[in-house]
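Taken verbatim from TrEMBL:
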- B:50-75: transmembrane segment (TRANSMEM)
- B:87-108: transmembrane segment (TRANSMEM)
- B:129-154: transmembrane segment (TRANSMEM)
- B:191-211: transmembrane segment (TRANSMEM)
- B:246-266: transmembrane segment (TRANSMEM)
- B:287-311: transmembrane segment (TRANSMEM)
- B:340-363: transmembrane segment (TRANSMEM)
- B:384-410: transmembrane segment (TRANSMEM)
- B:416-438: transmembrane segment (TRANSMEM)
- B:445-466: transmembrane segment (TRANSMEM)
- B:478-500: transmembrane segment (TRANSMEM)
- B:537-554: transmembrane segment (TRANSMEM)
Amino acid sequence: MSEEYEYRHEVEDLQQKSATAARLFDVRRIIGGLFAIYGIIVLIAGFTASDADVKKASGININLWTGACMLAVGLLFLLWMKLRPLSAPGAEPKPEPSGPGDGPGAGEPGGREPGSGAG
Amino acid sequence: MHYLAEGLRLPTNALDYTILVLYFAVVLGVGFAARASVKTSLDFFLSGRSLPAWVTGLAFVAANLGALEILGMAANGAQYGVYTVHWYWVGAIPAMVFLGLVMMPFYYGSKVRSVPEFLLHRYGPSSHLLSSIIFSIASVLIAGVNLYAMAIVVEALLGWPQWVAIVVAGLFVLAYITLGGLSSAIYNEVLQFFVILAALIPLTVVGLRRIGGFGGLKDALTDSHGPHFVSAWGGTGIGSSNPLGANWLTIVLGLGFCLSFGYWTTNFAEVQRALSAKNLSAAQRTPLIAAFPKMFIPLIVVVPGLIALVMRPDIGSKTSGLQYNDAIPLLMSELLPNGVLGLAVTGLLAAFMAGMAANVSSFNTVFTNDIWRAYVRKGRPDGYYLLTGRVVTAIGVLAGMGTAFIASSFSNIMNYLQTLFSFFNVPLFCVFIIGMFWKRATAAAGFWGLLCGTVAAMINYFWLYLGDVIAIPSDQGANFVSAIVAFVVGGVVMVVLTPFTKPKPVESLAGLVYGTTAPGVAEPPAPGDEAWYRRPAVLGWGALILAALCYIPFSL
C-alpha cells in the first residue's frame with residue numbers, strides 16, 4: 001500500500017515547500033496596469049482621430065470608445081486588487097521571507113481570498 | 001490554412017507598434033517577476049497547486065483560444081454558417097461541465113501531476129508510456145504548426161519575413177516559460193484573454209454597424225445562402241445534405257460526445273490549468289468558470305466570419321484570392337483605424353504565443369515527470385527535475401521552431417499529422433471513463449483499448465474515408481464519424497479483454513475509481529467556498545441550461 005501512495009506524499013511535501021502561493025505577484029496588477037496604459041494610448045488616438053479614421057470604422061470613433069472602456073476595465077482591476085488583496089492560503093508561515101521587490105501584494109495577512117467566483 | 005492573400009497588408013503605424021512592443025515587454029516582465037515564485041518542481045509544473053479559480057478558469061479558456069482557433073472558427077462561420085456554434089454549445093460546454101463535476105475529483109483528488117500519470121496509477125506503465133510519448137510528440141508538433149501559421153499571418157499583415165516571426169515569438173515563449181514555469185504561462189494566458197477581447201469586440205461592433213446590425217446580417221445571409229445558413233439545426237436531418245456534411249446524430253455523438261469529451265477532459269494542455277488550482281473546489285470550478293466566457297465567444301469569432309462573408313461574398317472562392325481563414329484579417333484591414341488596429345494585431349500575436357505556450361508548458365511537464373523521471377532517471381532530488389523541466393522547455397521550443405521551418409515546406413503532411421493525433425484523445429477518454437467507473441477494468445484492457453481505438457479511427461479516416469470506401473460528404477463529417485468509431489472500438493476492446501486479464505488489486509485503486517476514497521485527510525474547504533455561486537453543481541448546471549438557451553434564437 002505504501003508504495004502505491006508514495007507519489008501522493010511527494011506531492012504533499014512539495015506543496016508544503018512550494019513558494020508560489022507566498023511569492024507569486026497578483027495578476028490583477030498586470031491586467032489593470034496594461035489596460036489602463038492601453039486605454040490612455042487608444043483614448044488619445046480617439047481624441048485626435050481624423051475623419052478618415054471615423055469613416056473607416058463605419059462612422060464610429062472606435063478608438064475613443066475602446067480606449068474609454070479599456071481604461072475603465074483597467075481601473076476596475078486595480079480597484080478590485082485594492083479592495084481584496086491576495087492572502088497566502090494556509091495558516092503556516094512560509095520558511096522564507098518574501099522576495100525583494102517582485103512580490104507586491106503577496107503574503108499580506110488578512111483579507112479574503114481574491115474573488116474566486118464566476119468571472 | 002495557408003497562404004494569406006497579398007492584399008491584406010495592414011496600414012500599421014508607430015502607434016500600433018507601440019502597443020505591440022509594450023505587450024511583448026509585459027510578457028517578458030511577467031516571466032521575470034514569476035521567477036521568484038519557482039522554488040520546487042511543483043511550482044514550475046503546476047504553480048504549486050495554489051492558484052485561485054478565476055485565474056485558472058480564464059487560463060483554461062485562453063489556452064484553447066489560440067489564434068488558430070480564432071481564425072479557424074471565423075473561417076468555419078464564413079464557410080458553414082451558423083452550424084459553427086455547435087463547436088461551442090454542443091461541442092464544448094457539456095464536456096467542460098462533465099470535467100468539472102465528474103472527473104475533476106479523480107484528477108485533482110488523486111494528486112496526479114498530469115493526465116498520463118493518472119493512467120499510470122489506474123492502469124499501469126504500458127498505457128502510461130504510450131500516452132506520454134504520443135502526447136509529447138503531438139505537443140511539439142502542434143507548437144510548430146502554430147508557429148508556422150503565425151509566421152504566415154504576420155508576413156501577410158505586417159510584412160515581416162517568416163523566419164523573423166518564428167524566431168522572435170519562439171524565443172519570447174522560451175524565455176518566459178523557462179523563467180516562470182506554468183505560473184507565467186497561466187498569467188500570460190489570462191492577460192491574452194482580455195487583450196483578445198479588447199481586439200475582437202471593437203471589430204465585431206464596427207462590422208455589425210457596417211452591415212446593418214444582426215438584422216442586416218441575417219437578411220443578407222438568408223438572401224444569399226438560404227434559411228438553413230442562419231439556423232443551427234436546419235438541414236441536419238439524417239439523409240439531408242448540408243455544407244457541414246453531418247447530421248444531428250453525428251453532430252451530437254461525434255462532435256458533442258466523442259471529439260469534445262476527448263479533447264476537453266483528457267487534453268493535458270487544458271486539464272493542467274485545473275490541476276494548478278489551489279484546492280479541489282477551485283479545480284472543479286476551473287472548467288465551469290471557463291464555460292461561461294466560452295459560450296459567448298461565437299459572438300466575437302463566428303459573427304465576424306459571417307460579417308466578412310456579407311462584406312466580401314466571394315471570400316473562399318478562387319477568383320477573390322481570399323481564403324475563409326482570411327475573414328478576421330480582412331475585417332481588421334477594412335474596418336479598424338490605427339490604434340485599435342494595433343490592439344487587434346497584438347491580440348492576434350498574443351493568441352498565437354499563448355496557444356504555443358500552452359503546448360510547451362504541458363509538454364515539459366509530461367516529458368519530465370512521465371518519461372524522464374518515471375523511466376529514465378528515477379529518484380533524483382527535486383532540484384534535478386526542476387532543472388530538467390527548464391532544459392526540456394528550451395528543447396521543446398527549439399524543436400517546435402524546427403518543426404515550423406519543416407512545416408513551411410511540407411504543410412500537407414503537417415495537416416495529416418494533426419488529424420492523426422486528434423484521433424488519440426477519443427479512445428483516451430474512453431479508457432479514462434471506463435477506468436473511473438469500473439473497478440474491474442484491467443491494465444491490459446486499458447492499453448489495448450487505447451491502441452485499438454486509435455488505430456480504428458485512423459483506418460476509418462485514412463482508408464475508408466480518404467480511400468472512398470464509404471461516402472461522407474466532408475472532412476468535418478468524416479472527423480465526427482471517425483471519433484465515434486474510435487470510442488466504440490476502444491470501449492468494446494476493453495470490455496472484451498477485461499474478463500480474461502488480471503485486474504489490479506482493489507486497494508491500489510483508492511481515490512482513482514468511483515466509490516473509493518484516497519487515504520489521508522481530505523483537504524479542508526477554503527473559507528468562502530460554501531457561497532452558493534461557488535458551488536460546482538450550481539455553476540455546472542447553470543452553464544448547461546444557458547448553453548441550451550443559446551440555441552433558441554437559432555432554432556426557431
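Placed from the backbone N, Cα and C atoms, the Cβ positions cover glycine too.
By the Cβ criterion (distance under 8 Å, sequence gap of 6 or more), the transmembrane segment (B:191-211) is counted as touching the transmembrane segment (B:340-363), at least 3 such pairs being found.
Using the rule of three or more Cβ pairs under 8 Å, pairs at least 6 apart in sequence, the transmembrane segment (B:478-500) is not in contact with the transmembrane segment (B:384-410). For the transmembrane segment (B:445-466), the most Cβ-contacting stretch among B:129-154, B:246-266, B:287-311 is B:129-154 (pairs under 8 Å). Proximity of distant same-chain residues to the transmembrane segment (B:340-363), defined by a Cβ-Cβ separation under 8 Å and at least 6 residues beyond the stretch ends, is recorded for 10-12, 15-20, 23, 27, 62-63, 65-70, 114, 135-136, 139-140, 142-143, 146-147, 149-150, 153-154, 157-158, 169-170, 172-174, 176-177, 181-182, 185, 188-189, 191-192, 195-196, 198-200, 202-203, 268-269, 272, 328, 332, 392-393, 396-397, 400. Listed by sequence, the residues of this chain that lie at least six past the ends of the transmembrane segment (B:246-266) yet keep a Cβ under 8 A from its Cβ atoms are 86-87, 90-92, 94-96, 98-99, 103, 115, 233, 236-240, 287, 422, 425-429, 432-433, 474, 476-477, 479-481, 483-484, 486-487.
Take the transmembrane segment (B:129-154) and the stretches B:87-108, B:287-311, B:384-410, B:537-554: counting Cβ pairs under 8 Å, B:384-410 has the most. When the stretches B:87-108, B:287-311, B:384-410 are ranked by Cβ pairs under 8 Å to the transmembrane segment (B:537-554), first place goes to B:87-108.
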